[in-house]
Amino acid sequence: EVYVACQSMLIVLVGAVPEYHIDQVGLPASRAELAKHIHFADNFTSIVTEASTSWYLIEQEAYKVSLASSLFFAGLLIGNITFGPLSDKLGRKPVYISGLFFDVVFGYVTALAPNYDIFAVSRFFVGIVNGGMALVSFVLTQEYVGKSFWSFTGSLTNLTFAVGIAVYALLGYWVREWRSLALVSNTPGVIFLLLSFMLPESPRWLYSQGKMAEAEDVLQYIALGNGKERLDLKLKPSAGTLRKDESAPGILSLVKQPVLWWRTIILMYIWYVCSVVYYGLTLNAGELRGNLYLNVALSGLVEVPAFPLCMFFIEKSWSGRRKTMACFLIFAGSACIFTTFSPNNAGLLFSPTWLALCGKMMVSAAFNILYIYTSELYPTVLRNAGLGVCSMSCRFGGILAPFVPSMKSLSPSVPFMVFGISGLSAGFLTLLLPETLNKPIAESIEDLQSPKYQVLKNE
């Protein structure tokens, strides 16, 4: 997740626009002429300052920075659509490792791109493999442990993403040349790739596919790694285990099952809102007053307190997943709306910057719960497909997010009103979903119809 965060936030520093002036009246007729008359003030480089006539992304070319960011999120959309169903059919581990390998390859292409066009295309392909790989790795992490640990592992996974944002800001502070920064932030992917070959396949996926012997071997491996003695373990076949003449459930199964159809529609909107607000506020950190690197680091570190709060509330019977996520989304929306009415001299507690950071903390908490909650709402045979479809709508939000801050040209309050209204609406829609706390995880579609999956364990 640290590596995923560095790739996701790359454009914040690599695409930063330093102060500059043009030492002649009016814009030069050509970009080659512009290069002779433009002077950048700050001591760092970016794709904006690249000394080539095919770069210099200022004035009429400034939109290309946001375009490169949107292409990355468009790639995430495609990756979520394709990698989820693939991992449901081919297995979590091979799809995850393949995605990480190509993520590293295209990451180096980004760093060495000779012109903007190759840079933008490479960001698109990085988005495809980065989004798909991150989605599968999250599911793989969850399926290594029992459901009672899902809130912990899910929160820890998202916590490391937040820490990754701060790590990337620290790297950017020490490495001011953008190509070197892209290389340095991409290189840890090589280490993670080599370590990933040691991971076993998901035992839950093997079980859902009827591969009992392999699932038992993985569980034995995990038990021995935990210091346990060899277990006398024999799994019973799942009620939804596929026969050899049956095809694996796919995305169409989400449409055919009414219970999953309505869940998916609501979840898609919530994922979309979380993405718009989360990435909109994160990418907007580069435009806040003060030190660029400190603002980026704070936008990551402000998320850290959200995770212990999540872990506390989502395990309580009086709050659970649904109510907690609804409250965080409503608080995030309210903080963004209050930002529009707060004057710049309101003091630290009610300053626009502080309220924006509070909104970021709240929406990151909601995003954290959303991953865990969505995983629990889908059966194992459709978990990656369900997450993939929901993440697809999330990426539509990511595509739009880089352009929302630019709406301040209409009015300074417009971006935060968009964030605020979106957060409030998603929060209230969350209340229409069922609670999953203390309910068993469905392994197959048939399990959703079983009475034991409709009631709480302690009832």
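Cβ coordinates are placed from backbone N, Cα and C, and glycine is handled just like the others.
Curation does not apply to TrEMBL; its annotations are automatic.
Note that the structure is a prediction, hence the values are computed from the model and not measured.
Annotated domain 'Major facilitator superfamily (MFS) profile' per TrEMBL: 9-438, in sequence order.
The transmembrane segment annotation in TrEMBL covers 62-83 (among others).
Annotation comment: TrEMBL describes 95-114 (among others) as transmembrane segment. Tertiary neighbourhood of the transmembrane segment (95-114): same-chain residues 7, 10, 79, 83, 86-87, 122-123, 125-126, 129-130, 132-133, 136-137, 140, 179, 182-183, 186, 189-190, 192-193, 196-197, selected by CB-CB distance under 8 Å and a gap of 6+ residues from either end.
The transmembrane segment annotation in TrEMBL covers 120-140 (among others).
Look at TrEMBL and you will find 152-175 (among others) tagged as transmembrane segment.
Residues or ranges marked as transmembrane segment in TrEMBL: 260-281 (among others).
Residues annotated as transmembrane segment in TrEMBL: 293-314 (among others).
Positions annotated as transmembrane segment by TrEMBL: 326-342 (among others).
For 354-373 (among others), the entry in TrEMBL reads transmembrane segment.
Taken from TrEMBL, the feature transmembrane segment covers 385-404 (among others).
Under the heading transmembrane segment, TrEMBL lists 416-433 (among others).
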(request) Tally Cβ pairs under 8 Å between the transmembrane segment (354-373) and each listed stretch (152-175, 260-281, 385-404), then give the stretch with the top tally. (result) 260-281
(request) Select the range from 152-175, 260-281, 293-314, 385-404 that forms the most Cβ-Cβ pairs under 8 Å with the transmembrane segment (120-140). (result) 385-404
